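Everything on this sheet refers to the single structure shown next.
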């Protein structure tokens, strides 16, 4: 079996990736979230496949087909709620995974980091088009508002919006193409995830100390397969608690009402995992400026390798930047809260302050704190 594992053309790839892979002996539970994201993706693809068997992407029947899945399909309610809450678990793992990458300096592996940013953007796109499919009030108005942002692009904006809508408003053509995108994107994400792993295994994984771990490696199996299994069981436990006891806690009550183009909800807002970016978008009075800030809020992640001027790897021995990092995390939570609030005083002002702080921490404060710590080392 050992000879086959090491020599077989296909098994050899699996062996080098998940069995005999040399791994740093000191990586903590924060490194579990990569495997948890893989697990989330598998859950989403499987539950999504079963939902697609019963869903109809037509404006007249989409809402009814989701109700039919919940009422008439065997365990349809469970599949639907696993899929909806699975998306939330996916984004929780994603935010922690990115947060760990920032804290421990994983952005130094620039190819892996940049493919990760592409994966993040594709996951956000998939979640957005997926949210439109149940064709409730928030689905319809969320799609209308977010796609309409493209009209801020000079010259081609209006044409581009109508091209994406497939008409002069969000309608049947939009729903059909969004379903097609939502079906195909997870498979593209899976392919990119393999490329992400490929680049990671080229350089080897980072570790909490930020030091070179070539002299102290252990095989991935059985040490980290066991550790990953524990993480997967805990993830499934939280997901099942959400799906079985609090299935609608992360959803929007407006989505229980079928889409009505003649009735606008009081507060249009996306799913909770987009609220931080939505808050940044709303905090700028100018439409084009808001769209640029929205894009920048994600693409700013690509600046981390460029702005890093520290002589140390990761934040483990850098108390000044650690404080700034946790302020950044708290600021992100404030933005998420503000994104779900109405556009009125004092929420608008808090949103503007938090948006400026978000960008200032990454572009100004972190490089300054790095310089301070570099000078402390010289003392």
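Each position is counted from 1, following the chain as shown.
Positions of Cβ are set from backbone N, Cα and C atoms, glycine also.
Using a 10 Å radius centred on the Cβ of residue 182 (heme b b562 binding site) and all shown protein chains, the other Cβ atoms total 22. Positions annotated as heme b b562 binding site by Swiss-Prot, on the basis of similarity to another entry: 83, 182.
Residues annotated as heme b b566 binding site in Swiss-Prot: 97, 196. Annotation note: residue 97 (heme b b566 binding site) sits in a helical segment as assigned by DSSP. Within 10 Å of the C-beta of residue 97 (heme b b566 binding site) we count 20 further C-beta atoms, all protein chains included.
Under the heading ubiquinone binding site, Swiss-Prot lists 201, citing similarity to another entry as support. Taking Cβ-Cβ distances under 8 Å and a sequence separation of 6 or more, the neighbours of residue 201 (ubiquinone binding site) in its chain are 16, 17, 21.
The transmembrane segment feature in Swiss-Prot is assigned to 33-53 (among others).
Sequence annotations record features per position, and here Swiss-Prot assigns transmembrane segment to 77-98 (among others).
Beyond the ends of the transmembrane segment (113-133), by six or more residues, the same chain brings 55, 57, 62, 66, 87, 90-91, 94, 98, 101, 106-107, 139-140, 142-143, 146, 170, 174-175, 178-179, 181-182, 185-186, 188-189, 192-193, 195-196, 199, 270-271, 273-274, 298-299, 301-302, 304-305 to within a C-beta distance below 8 angstroms of the stretch. Annotated transmembrane segment per Swiss-Prot: 113-133 (among others), in sequence order.
Here Swiss-Prot flags 178-198 (among others) as transmembrane segment.
Counting only same-chain residues 6+ beyond the ends of the transmembrane segment (226-246), those with a CB under 8 A from a CB of the stretch are 29, 32-33, 35-36, 39-40, 43, 78, 81-82, 85-86, 88-89, 93. The transmembrane segment feature in Swiss-Prot is assigned to 226-246 (among others); the stated evidence is similarity to another entry.
Beyond the ends of the transmembrane segment (288-308), by six or more residues, the same chain brings 98, 102, 105, 107-108, 110, 113-114, 117, 120-121, 124, 149-150, 152-154, 276-278, 280-282, 355, 358-359, 362-363, 366-367, 370 to within a C-beta distance below 8 angstroms of the stretch. The transmembrane segment feature in Swiss-Prot is assigned to 288-308 (among others); the stated evidence is similarity to another entry.
Taken from Swiss-Prot, the feature transmembrane segment covers 320-340 (among others), and the record attributes it to similarity to another entry.
Swiss-Prot lists 347-367 (among others) with the feature transmembrane segment, giving similarity to another entry as the kind of evidence.
Other C-beta atoms found within 10 angstroms of the C-beta of residue 196 (heme b b566 binding site) number 21, with every protein chain shown included.
Residue 83 (heme b b562 binding site) is surrounded by 21 other CB atoms, counting those within 10 A of its CB over all protein chains shown. Reported as a whole number, the C-alpha separation between residue 182 (heme b b562 binding site) and residue 196 (heme b b566 binding site) equals 21 Å. Each residue contributes its Cα atom, and for residue 83 (heme b b562 binding site) and residue 196 (heme b b566 binding site) these two points are 24 Å apart.
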